[in-house]
């Protein structure tokens, strides 16, 4: 899906509200994903997956940092996320459906923390953005 100029503005504005909490929200979304979709835990057998775990927080920061990088490169997501795509495709071998599950949990997390900013238009733009990120991260699986 191509992000329109309005989508790009919505994504940048919404992510601007996230700011320094990107890692925190990433960890919350991961925790929500593990609770809602227990099969996703199989990729983290070495993690302490309990609430507030330092390992989940650290991985949440990686997720938040990657999304912040992606927001900064909306016109070149494949270039910005190439190394991460390689990692997930060739080393970690994460089932592509898990990116959709995490995207959903990220949307829920953002809606909970920023209900006043989470309009239907912003929701749609963020959904398109996260879908594009998921597509890039799974592009090297083929």
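Glycine too: its Cβ is placed from the backbone N, Cα and C atoms.
Every protein chain shown contributes to the tally, and the Cβ of residue 59 (O2 binding site) ends up with 17 other Cβ atoms within 10 Å. The O2 binding site annotation in Swiss-Prot covers 59.
Annotation note: residue 88 (heme b binding site) sits in a helical segment as assigned by DSSP. Residues or ranges marked as heme b binding site in Swiss-Prot: 88.
Positions annotated as domain 'Globin' by Swiss-Prot, on the basis of sequence analysis: 2-142.
Sequence annotations record features per position, and here Swiss-Prot assigns phosphoserine to 4 (among others) based on similarity to another entry. In this structure, residue 4 (phosphoserine) belongs to neither helix nor strand by DSSP; it is coil.
Within 10 Å of the C-beta of residue 8 (N6-succinyllysine) there are 16 other C-beta atoms, taking all protein chains into account. Among the features that Swiss-Prot reports, N6-succinyllysine is placed at 8 (among others).
According to Swiss-Prot, the feature phosphothreonine maps to 9 (among others), an assignment based on similarity to another entry. In the structure as shown, the Cβ atom of residue 9 (phosphothreonine) sits within 10 Å of 14 other Cβ atoms.
Per Swiss-Prot, N6-succinyllysine is recorded for 12 (among others). Around residue 12 (N6-succinyllysine), the C-beta neighbours below 8 angstroms that are at least 6 residues distant in the chain are 71, 74.
The phosphotyrosine annotation in Swiss-Prot covers 25. When secondary structure is read from DSSP and collapsed to three states, residue 25 (phosphotyrosine) falls in the helix class. The C-beta environment of residue 25 (phosphotyrosine), restricted to residues of the same chain at least 6 apart in sequence and closer than 8 Å, consists of 18, 60, 64, 106, 109, 110, 113.
In this view, residue 36 (phosphoserine) is surrounded by 12 other Cβ atoms within 10 Å of its Cβ, with every protein chain counted. The phosphoserine annotation in Swiss-Prot covers 36 (among others).
The N6-succinyllysine annotation in Swiss-Prot covers 41 (among others). Residue 41 (N6-succinyllysine) has a Cβ environment of 13 other Cβ atoms inside 10 Å.
Under the DSSP three-state reduction, residue 50 (phosphoserine) is assigned to coil, being neither helix nor strand. According to Swiss-Prot, the phosphoserine annotation covers 50 (among others), on the basis of similarity to another entry.
All chains included, 20 other C-beta atoms sit within 10 angstroms of the C-beta of residue 103 (phosphoserine). The feature phosphoserine is assigned by Swiss-Prot to 103 (among others).
Long-range neighbours of residue 135 (phosphothreonine) (same chain, six or more residues apart, CB within less than 8 Å of its CB): none. Residues or ranges marked as phosphothreonine in Swiss-Prot (evidence: similarity to another entry): 135 (among others).
Annotation comment: Swiss-Prot describes 138 (among others) as phosphothreonine, evidence class similarity to another entry. All protein chains shown were included, and the count of other CB atoms within 10 Å of the CB of residue 138 (phosphothreonine) stands at 19.
If you draw a 10 Å sphere around the CB of residue 139 (phosphoserine), it holds 15 other CB atoms from the protein chains shown. Under the heading phosphoserine, Swiss-Prot lists 139 (among others).
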Number of other Cβ atoms within 10 Å of the Cβ of residue 88 (heme b binding site) across all protein chains: 21
Proximal residue to residue 36 (phosphoserine) among recorded positions 4, 9, 59, 138 (C-alpha distance): 59
Rounded Cα separation (Å) that holds between residue 41 (N6-succinyllysine) and residue 50 (phosphoserine): 11
Cα-to-Cα gap, residue 8 (N6-succinyllysine) vs residue 103 (phosphoserine), nearest whole Å: 17
